[in-house]
Amino acid sequence: MADQLSEEQISEFKEAFSLFDKDGDGTITTKELGTVMRSLGQNPSQAELEDMINEVDADGNGTIDFPEFLTMMARKMRDTDSEEEIKEAFKVFDKDGNGYISAAELRHVMTNLGEKLTDSEVDEMIREADVDGDGQINYEEFVKMMLSK
C-alpha cells in the first residue's frame, strides 16, 4: 500500500511523523498521539487513542512505527477526506469562526503542532492556497488545497 506514494509524499509524511514522535525514538505512543490531537483541539479518551494505534499497529507492539504510519496515511488518502473531515479540519484552523483562515491562525495551529514557521513560510502557505488573492484562505480554497494533496 505504501509503495503507491510518491517520494514527495513520503518525505511530507516523514515530517508529520516526526511531529507526532516527540521523543524522536522512531515510534508514536498513545501519549504522543494524544498530545498532538489535543494541540489540534481534539480531546480523545485513552481508549480512543488505543483504538487508533491498534488500527494500524501491524506488529502489535502498542506503538506506530514509520512503515505503519505510511500504511495508515496511504489508506487515509485512498479513502479521500470526507466532506465532514475537511469541515472539521477547517474549524481547527479558523479559530475565530469567521469563515477565513488568516496567517495568524495558521501560524497559531502550526506552532501548537510544534512547527516553528517563519513569517515568510506562513505567507508562502497562504499564497499557495489563496486562489482569490485576499490574503486569507476561505473554505472553498481550503477544500481545493486538501483535495489536491
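Yeah, the Cβs are placed from backbone N, Cα and C, and that goes for glycine too.
When averaged over the domain 'EF-hand 1' (8-43), pLDDT in the model lands at 87. The annotation domain 'EF-hand 1' is assigned in Swiss-Prot to 8-43.
The annotation Ca(2+) 1 binding site is assigned in Swiss-Prot to Asp21, Asp23, Asp25, Thr27, Glu32. Annotation note: Asp21 (Ca(2+) 1 binding site) sits in a coil segment as assigned by DSSP.
On its own chain, Lys22 (ubiquitin cross-link) has Glu32, Thr35, Gly114 as residues at least 6 apart in sequence with a Cβ closer than 8 Å to its own Cβ. According to Swiss-Prot, the feature ubiquitin cross-link maps to Lys22.
Only residues 6 or more beyond the boundaries of the domain 'EF-hand 2' (44-79), in the same chain, are considered here, and those with a CB under 8 A from a CB of the stretch are 1-2, 4-5, 9-10, 13-14, 16-17, 20, 26-30, 33-34, 37-38, 149. Per Swiss-Prot, domain 'EF-hand 2' is recorded for 44-79, and the stated evidence type is sequence analysis.
Residues annotated as Ca(2+) 2 binding site in Swiss-Prot, with sequence analysis given as evidence: Asp57, Asp59, Asn61, Thr63, Glu68. Sequence-distant contacts of Glu68 (Ca(2+) 2 binding site), defined as residues of its own chain at least six apart whose C-beta falls under 8 angstroms from its C-beta, comprise Val56, Asp57, Ala58, Asp59. Secondary structure at Glu68 (Ca(2+) 2 binding site), as computed by DSSP, is helix.
Counting same-chain residues at least six beyond the ends of the domain 'EF-hand 3' (81-116), those with a Cβ under 8 angstroms from any Cβ of the stretch are 19, 22, 36, 39-41, 122-123, 125-126, 135-139, 142-143, 146-147. Per Swiss-Prot, domain 'EF-hand 3' is recorded for 81-116, and the stated evidence type is sequence analysis.
Listed in sequence order, Glu105 are the same-chain residues six or more apart from Asp96 (Ca(2+) 3 binding site) with CB atoms under 8 A from its CB. Annotation source Swiss-Prot lists Ca(2+) 3 binding site at Asp94, Asp96, Asn98, Tyr100, Glu105, citing sequence analysis.
Counting residues 6+ beyond its ends, the domain 'EF-hand 4' (117-149) has Cβ neighbours under 8 Å at 77, 80-81, 86, 89-90, 93, 99-103, 106-107, 110-111 in the same chain. The domain 'EF-hand 4' annotation in Swiss-Prot covers 117-149.
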Residue among binding-site residues Asn61, Thr63, Asp94, Asn98 with Cα closest to the Cα of Asp25 (Ca(2+) 1 binding site): Thr63
Non-site residues, in chain order, whose CB comes within 8 A of the mean position of the CB atoms of Asp94, Asp96, Asn98, Tyr100, Glu105 at Ca(2+) 3: Phe93, Lys95, Gly97, Gly99, Ile101, Ser102, Gln136
Cβ-centroid neighbours of Ca(2+) 2 site Asp57, Asp59, Asn61, Thr63, Glu68, 8 Å, sequence order: Thr27, Ile53, Val56, Ala58, Gly60, Gly62, Ile64, Asp65
For the Ca(2+) 1 site built from Asp21, Asp23, Asp25, Thr27, Glu32, further residues of that chain with CB within 8 A of the site's CB center: Phe20, Lys22, Gly24, Gly26, Ile28, Thr29, Thr63
